[in-house]
Each structure stands twice: as C-alpha cells, then as structure tokens.
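Some features that Swiss-Prot has for this protein:
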BINDING   Val26, Gly68, Val69, Gly70, Lys71, Thr72, Glu73, Asp271, Glu337, Arg409  ATP binding site
Amino acid sequence: MPSKTDFTSSTMTPREIVQELDRHIVGQQAAKRSVAIALRNRWRRMQLPEELRNEVMPKNILMIGPTGVGKTEIARRLATLANAPFVKVEATRFTEVGYVGKDVEQIGRDLVDTAVKMYREQAKVRVRTQAEEYAEERILDVLLPRRSVGIGFDVDADVIRQEPSAHESETRAKFRRMLRSGELEEREIELDVAVNVSMDIMTPPGMEEMGQQLRQMFSNIGGGKSQKRKLTIKAARPLLIEEEAAKLVNEDEIRAAAIEACEQNGIVFIDEIDKVVKRGDTVGGGDVSREGVQRDLLPLVEGSNVSTKYGTIRTNHILFIASGAFHLTKPSDLIPELQGRFPIRVELDALSKADFIRILTEPKAALTKQYQELLKTEGVSLDFTEDAIDRIAEIAYLVNERQENIGARRLHTVLERLLEMLSYESPDRDGESVTVDADYVNAHLGELVKDPDLSRYIL
C-alpha cells in the first residue's frame, strides 16, 4: 500500500514554499505566508499522536483582493507544491439542493477522483520496470511463438509448453537485443489488445455524476475483452506497458489509500466565493439561492460524510481555501456560521506600476519571456529595453485606473496589442532582430492610451 508520505508536503518548510511561489507570483507576501503555514501544518499534524491528531482542525483561509492580483495563480501553483489531493472549484458552478446545477458534495467526489488518479499513476510508476519487462516478453512471443505440445488436451499451459532449445534461446536473445536497440521499431505485429469500451453520454446540468456512473457501467460491460490489432512495435509497446502496469497495481489498495489521503491531507480551493454572497441592500430569489449555496457549503467545511463511488470520505480535516474580489459585497455578508469557519483572513494588495514592472521581468515564465520564446520559433529575436518595460507597465496601470481594474490580466491585453503586427509578420522575418523600446511602445499604443473611448474597447 502506498505510504502516507506520498501525499504530504513534508519536505518543504514555509520559507521554501514562499520562495517557490516567489518564482511565479510577484508580491502578496501575506497570502503566500498564510498558505505556506497552512501547508506545513498538514505535515505537523501528521506527526502528532493519533488521539491529539484527530482534535487538530485545519485553519481555513479566506483570501480577499481585486481580480488579477494573484489569488487564482496562488491556487494553481499550490496544486503543484502540495503533493496532496487538490481540487480548485468555482463557487458559481454550484446551486442549492433542489435547483438545477451541481450540488456542493460534488467537491468531495472530485477530490477523491483526483486522489485515485494520482495514486494510480504513482503505483504505475513503481511497477513500470516490471511492466516493461512483461511487455517485452509479449512482443517477443509474437515475433517468436513458443512451441507447445498436447493438442486437444485440457491441461495447464505451463505443462504443455516445451523448454526452448539452445537455438531458440539464442534467436530470442538476438531479437531481444534488436528490440532494445530500436532496430525493429517499424516492424508490424498482430497482437491481442484489451478493448476499452467508451461511450459519450450527454447529461443535463447537475447530473454529471450520473453520466460518469453510466459511462463506467458501460465500460465494465466490455471489461476483459480483447481484439486483434496490427500495430508497429513502436506503437504497440506503450499500449502493452500500460496494460501490464494496470494488471500489476492493486485497485483496492489504491482506493483505500486515496480516501485516506483525501481525509488527512486534502485541499479544496473555492474561487469566486463572493459571487454566492447576498448583497446587504438587495432582496430577491437569486439572493435566496446564493445563501442556500453557503448553507450547503457549511456542513462540508465543518466536517461531514460524503458518499463517492470509491467509498465514503469524512471532510473534517480537509483544508479549505476560499477567495473572492468582494467588489460589491464584503466578507461580513457571508452567513455568520461560514465566516467562523474561515478564521484566517488575508487581504491581497492591488497592483502598482512597480508591481507590473516586476511581473514583466521577474517570474520564471514572465510574459516578455514567453513572447521572446514564441517568436524565436519563427527565427525572430525579440528584445525589450528597460524604458519599454517601464512604458508598458505605465500604460497597463493607467488603463486599469481609468477603466475596470483587472490587475495583471491587463498586461496580456496590452502586450498582445503591442506585438500584434510582429506576430503576424514573423514568418516572413526569419533571422531579424527586433528591439522594443519606449518609442516603439508609444508608436503602437500611444494613440489608444490618449483616447479613453478607444482604449475602453481595445485595451
């Protein structure tokens, strides 16, 4: 059975987690620290005696800040760092029980699905060497069928198979060497491959779980069947390795370990939580439904049992991180019971011009670096001067101030507009070097920035 340590972030300290997040996200140190501490507390809890461990509840986090400042990006990067079952959901996709749409228990089911998939992949990695050996033997058996005796006798295959002669063993060893050196990759062979019955089933909104169950039922009907296919050895090898790995892993152990991982180390990120908050000065059916979603979320966050196709999970120790812009509402508009379940509040800062400059230059995959690498594929060398970076950041900041503040997402729009013609002409400019300076930026964007009406529609 996979060990619990497979799904914990025990090797990373809060400082290391923050440093890793710093490589991709500019600023927002308070949010990074809170997330890092929460992740480390998962490991700390697992070191406690079992009796005390069950009493230590996770401190859920509510991140508050305008759009485009890094809330969702923190969640995305967290998923790669957590090394634990992790799901990110949009609060707006859920509806109160009785309404058309997803119910909040789907969150628990999605978390278990994620964990089972992760554990299955880990298990397949562990048995891959053995699976490759079995796949190689199956290919050799097709290339060099082994002699058997006892035609018409109902006896065990091991009994009727003759020991290979010295010549056969030598030939098999020769083919094995050719197979491993890649000499036979394009050779066609005919072999039995397991049939995976798949069926597309369209279901109404909110009934996705039923669709999944029906698909699984139909796939089980064809389980165990195989069909003969002609494939090159190169194409057949990965299919056979996958088939052999699936035989070697223990599905029951995977499911049990996945449920354990969800209960002890699971993390749920709920985005756009402010969209299911009732505004203080409005009354209406929509607001009633929004409050209903909060009330449905409450038992999940407090701790309840959720039935999944793999078994029942308890949500008592799952860490919930919620985020929202709260433009038209405020955190105190959440129902009081739910407010109390998110004791850690973190406010993310709006981005300044200086932040935009850092976003364009510091992250490992900064936007400017992305455009440079994309155009390099066409043979165009692109370079940004410091004054160009400064001007791009200034334009993005000004447009955000004049119009809707969409944070760092404004940089995508500005850069795409700035480099539109270059991207269009780049296939015809192979071998050229292009330097983007402040004059280049003003020439392509200056008029748009001066005209507020025009920039409203284009930037």
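Cβ atoms here come from the backbone N, Cα and C positions, even for glycine.
Each of the binding-site residues Val26, Val69 was scored by the number of other CB atoms within 10 Å of its CB, and the largest score is that of Val69.
Comparing Cβ neighbour counts within 10 Å across the binding-site residues Glu73, Glu337, the minimum falls on Glu337.
Lys71 (ATP binding site) has a Cβ environment of 27 other Cβ atoms inside 10 Å. Of all Cα pairs drawn from Val26, Gly68, Val69, Gly70, Lys71, Thr72, Glu73, Asp271, Glu337, Arg409, which the record names as binding ATP, the longest spans 34 Å.
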